[in-house]
Amino acid sequence: MQKKYVVALDQGTTSSRAIVFDHDANIVSVSQREFTQLYPNPGWVEHDPMEIWASQSSVLIESLARAGIHSDEVAAIGITNQRETTIIWEKATGKPVYNAIVWQCRRSSEICEQLKAQGLEDYVRENTGLLLDPYFSGTKIKWILDNVPDARAKAKRGELLFGTVDTWLLWKLTEGKVHVTDPTNAARTLLFNIHSLSWDTTLLEALDIPAAMLPEVRPSCSVYGTTRIAGEGSEIPLAGIAGDQQAALFGQLCVEPGMAKNTYGTGCFLLMNTGNKAVRSSHGLLTTVAVGAQGEVNYALEGSVFMGGATIQWLRDELGLIRDASDTEYFASKVADTNGVYLVPAFVGLGAPYWDPNARGALFGLTRGANRNHIIRAALESIAYQSKDLLDAMIKDSGERLKSLKVDGGAVANDFLMQFQADITDVEVLRPSVCETTALGAAFLAGLAVGFWTSVTELEYKACIDKHFKPNIDASQRERLYVDWQDAVARTRS
């Protein structure tokens with residue numbers, strides 16, 4: 001039977017999805033299932049690993065059934081996943097010893113402080129590209145080994161396995177035959193040396209984590225094993241893995257130095273490819289692993305905006321200025337500018353490049369002439385300003401010239417925001433026809449690994465651009481707007 005499709009498993013923080021792509025990179029079928037969020041204590045976030053697996057395996061079957069696709073028509077399955085989330089299970093039984101500790105969970109803060117006290121903060125930064133923070137997997141592993149009865153003893157006997165969500169799904173799909181991750185996920189564990197591309201023995205010793213627990217690290221564009229869907233049909237290659245943000249970077253074909261993407265969600269995630277240079281940031285950005293055009297390891301700078309779409313939710317839910325997020329474009333376009341109004345949405349402090357947890361949100365420039373439209377416009381513009389803050393930091397750190405900005409996520413449907421992003425960054429913003437770029441990246445990696453597609457050059461013909469947003473303001477206006485934004489940010493920090 002002819003191989004016509006590639007399936008991407010997109011395992012996210014709140015739902016599991018399966019998306020089927022045809023040879024032209026068109027979406028043929030989508031299936032999605034939400035799963036339970038567990039909050040056993042303040043600041044703790046968990047998932048049930050078995051529910052993750054049940055939801056992901058069911059949507060895989062459902063996505064093919066909906067489109068009437070036989071499993072023998074599937075060339076490969078790729079995996080993309082929420083990063084950092086930590087699962088430990090028994091090697092013999094496949095039974096998790098504890099719930100998955102989610103990337104958002106802060107329970108291992110004390111362990112991070114202990115590592116800082118041991119003088120490891122700079123070592124971590126230099127060798128992993130990360131900050132010493134509970135966000136990442138390493139301290140979550142230690143917490144499980146320290147707090148689950150018999151876990152550490154079992155781990156030292158080689159009876160337990162660790163994996164991020166990609167590894168867990170691969171283990172389940174291959175019925176326990178394959179214990180593997182890829183460099184993009186390994187690089188988010190706090191245990192992976194991004195220069196040697198191997199597990200870091202110094203950090204394993206510091207956290208007392210047995211190396212035997214850890215998965216083998218294989219390239220992101222590889223065939224790892226095979227699976228049969230619902231136990232039927234032929235064996236399908238499991239062929240591409242990347243963490244969600246790196247998958248989106250590859251889905252946008254940002255495979256050369258200076259190429260960048262911004263995912264506009266609740267927050268914004270920006271990644272810039274820096275090629276074969278692991279750039280250490282002087283602006284608090286993370287250095288991480290990306291995927292190059294041949295599936296090889298590239299590096300990237302990564303930064304996040306805390307309040308993106310969440311700022312628009314605040315306008316709707318707390319201020320009642322809009323009924324729906326899509327209303328913002330209409331109201332923002334009713335005025336020529338913000339009339340001097342700036343919103344700095346530092347509701348939970350400011351992230352990179354400021355890193356000021358004590359900053360708080362504020363509206364500046366209010367006069368009797370300021371109205372709802374000005375405030376809504378200022379809220380949208382704040383997303384673009386914060387993204388520019390990060391992009392400028394990436395350019396300074398890397399020395400790369402930003403070629404263009406690829407965009408994805410829910411907010412890219414807002415033409416006003418995309419145009420202002422182009423205006424304020426003085427770079428062309430490119431919105432793709434297929435905005436499911438995270439899943440598309442996993443599909444591209446899987447398809448390339450099995451020869452379904454031959455090269456990134458071929459993929460460039462598949463990845464169509466829906467709209468180009470070109471800068472449309474002069475340099476003096478751009479500078480004046482941004483200087484005023486920086487002044488507003490400084491005021492939130494005083």
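Just so it is clear, glycine is given a Cβ too, placed from its N, Cα and C backbone atoms.
What Swiss-Prot records for Thr13, Thr14, Ser15, Thr266, Gly309, Gln313, Gly410 is ATP binding site. Residues or ranges marked as ADP binding site by Swiss-Prot: Thr13, Arg17, Thr266, Gly309, Gly410, Asn414. Annotated sn-glycerol 3-phosphate binding site per Swiss-Prot: Thr13, Arg83, Glu84, Tyr135, Asp244, in sequence order, evidence recorded as sequence analysis. Per Swiss-Prot, glycerol binding site is recorded for Arg83, Glu84, Tyr135, Asp244, Gln245, and the stated evidence type is sequence analysis.
The structure, with features from Swiss-Prot marked on it.
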residue : record                               : contacts (Cβ under 8 Å, 6+ apart)
Thr13   : ATP binding site                     : Gln82, Thr85, Val102, Trp103, Gln104
Thr14   : ATP binding site                     : Glu34, Phe35, Gln37
Ser15   : ATP binding site                     : Gln32, Arg33, Glu34, Phe35, Ser55
Tyr135  : sn-glycerol 3-phosphate binding site : Glu84, Trp103, Gln104
Gln245  : glycerol binding site                : Arg83, Thr263, Phe269, Leu271, Glu302, Thr438
Thr266  : ATP binding site                     : Gly308, Gly309, Ala310, Gln313
Gly410  : ATP binding site                     : Tyr264, Gly265, Gly309, Ala325
Asn414  : ADP binding site                     : Ser326, Thr328, Glu329, Leu380
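For Asp244 (sn-glycerol 3-phosphate binding site), applying a Cβ distance below 8 Å and a minimum sequence separation of six or more within one chain yields Asp10, Gly12, Thr80, Asn81, Gln82, Arg83, Thr438. Sequence-distant neighbours of Arg17 (ADP binding site) (same chain, six or more apart, CB under 8 Å from its CB) are Leu9, Asp10, Gln11, Val30, Ser31, Gln32, Arg33, Val59, Ala439, listed in sequence order.
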